């Protein structure tokens, strides 16, 4: 043995100890990782009860499909491959139980309502093709089905009203490529440099001018990133009303301001030099000016919000608890995000809050643009809910929830992280006061609220849907619009219909209207609608009778009927309008929840229009009706393709029934006008493009319930406001100096496309 070895080992050990000591000392200067604290949750009902509203699981959807395949006695083709002449399952969604059944279960210990699905089927392979809706149950093991189409709509739904399947879009794409474009080979090659893959198209709706039509304009764009603002000037009208794809035909063509009978006539006119050609500069695949790739390199990181002691809310299945709030959530295939059984301090204030429809009406001097009236529910606000990007779409540390849907396929589709829930410090006080008169003190409460969000990308537009819960008992429903503006090819008098966004791009003027269903249950199911406002009265000053005073006074009115409670968009509405309970607060006032709308909507469409009744909900900024199970929604997915004979007409809901001491529903419409401008390139921002409503307690409590929030701050001039026990803000250097645990960034938005 080498006599020096023990000394070498001893020196090596000393070096290792020294290095470890240095590492420990250096780590001592860093903040520890944040630790999640146990959630403190008030008991506001069983979380398992919320499952009565839960979306169908993938397993339940598959069970429904298998049941229908085995019990309808007709062949069912996978909708992803179906031809118009086939039978197929278009969608499967939760059949929400009747409200009376649910309330017996939630409030009176009644039986849990049977779990059922609503399946929409297209029967194209029948003597009389039609759309049928079936309720299938009980889940998870179906044993029965019943056709509810006549019950829901008063008759069979004609087949031409069916929303287009993805397979029909694909078949139309093949038709354009192999039949339409081949009729004008010279024009397509020389003018558009068409190579079979460099054009994209956008469809328009509704499909024609009268019931039974299925004739659609296809607007062509360069197939690049952000293609919506790269029109090439060519639009093609296709008649695809026949269930036999071989019978589809081009019935009109538009190019650069001129109309042609078909593609062959366009080709002939071009070859003979009788066309004014406006050749569009070919842009690279990234879209050039429409690219959303940042034009600046990364710099200092933007502010990031974190929770020093972990989330102060909990999410279990479809149930959320946050401070005094609790609610259940779900995602409808057609209407998107919806909430049920919303309670504050354990008492239900609303049974349902849900999106109903998103409408856009366009103008242009091109046929596709001027005929477009999008009713996005028919495409599917839930179906097109998109995966969310942590740190941009929602705070990085939000809770992300996967959603599932079954539409256009026999297999359920998973949309990972397509719904988010988070508490947000809004950076301003919910309330505060600084006193330097008489006594010296400060009192305030940070405005921290819970947000549940989904984002639907329907074609060119992205809608950010929020429901926000505040500590004072208020709820906000809000939508923000972003995405790309739709556009037409700029020609002729195009500037009458929008602004020029690029060389050949006309940003077309359009409206946005959004409709919500708000089923408030204030102090119970039975409510009345009351309006308060202000009027000036002239009075003599009692201490100086020769002088007059203009004195504001309170005006009060009970709105007794549905007609009185239907407020047209441009009409004057009482500034305080609320659902009143049959109970009073400590001060003798009827407990209530006030409806406050934020909207900049103009006219939706002239009422003389042949299609107006299909969107008659948009006549009203607010309409309050009796709640009826046979009036579950303000519109129908079938209204889009036959607005001339609407399947559901909201205006018929309003028939002057009494609404005093009844179960009531408020239908709220908010909207704005969008005239695209140069700052909409590369795409539209959310700032200024936001509308919605607030539900606010109005004498519902004896005082502001947020006074009981643990987040309150109060100190006087005589107190040591640097002490933690006096002022919780003084504790921040200790309680909020930890390092948040940011998980690795992941995104599944491009999988299984």
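Cβ from N, Cα, C; glycine included.
Residues or ranges marked as active site, proton acceptor in TrEMBL: 376. If you take the C-beta of residue 376 (active site, proton acceptor) and look for same-chain residues 6 or more apart in sequence within under 8 angstroms, you find 357, 358, 359, 360, 456, 458, 461, 463.
Annotation comment: TrEMBL describes 461 as active site, schiff-base intermediate with substrate.
Annotation source TrEMBL lists domain 'Copper amine oxidase N2-terminal' at 76-144. Across the domain 'Copper amine oxidase N2-terminal' (76-144), the DSSP tally of helix, strand and coil residues reads 9 helix, 27 strand, 33 coil.
In the predicted model, the domain 'Copper amine oxidase N3-terminal' (162-257) shows an average pLDDT of 97. If you look up TrEMBL, you'll see 162-257 marked as domain 'Copper amine oxidase N3-terminal'.
Sequence annotations record features per position, and here TrEMBL assigns domain 'Copper amine oxidase catalytic' to 305-707.
According to TrEMBL, the feature 2',4',5'-topaquinone maps to 461.
According to TrEMBL, the feature transmembrane segment maps to 7-26.
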Subject >> Protein Cβ atoms within 10 Å of residue 461 (active site, schiff-base intermediate with substrate), excluding its own >> reply: 24
**OP:** Give the residue counts of the domain 'Copper amine oxidase N3-terminal' (162-257) per reduced DSSP state, in the order helix, strand, coil.
**Re:** 31 helix, 29 strand, 36 coil
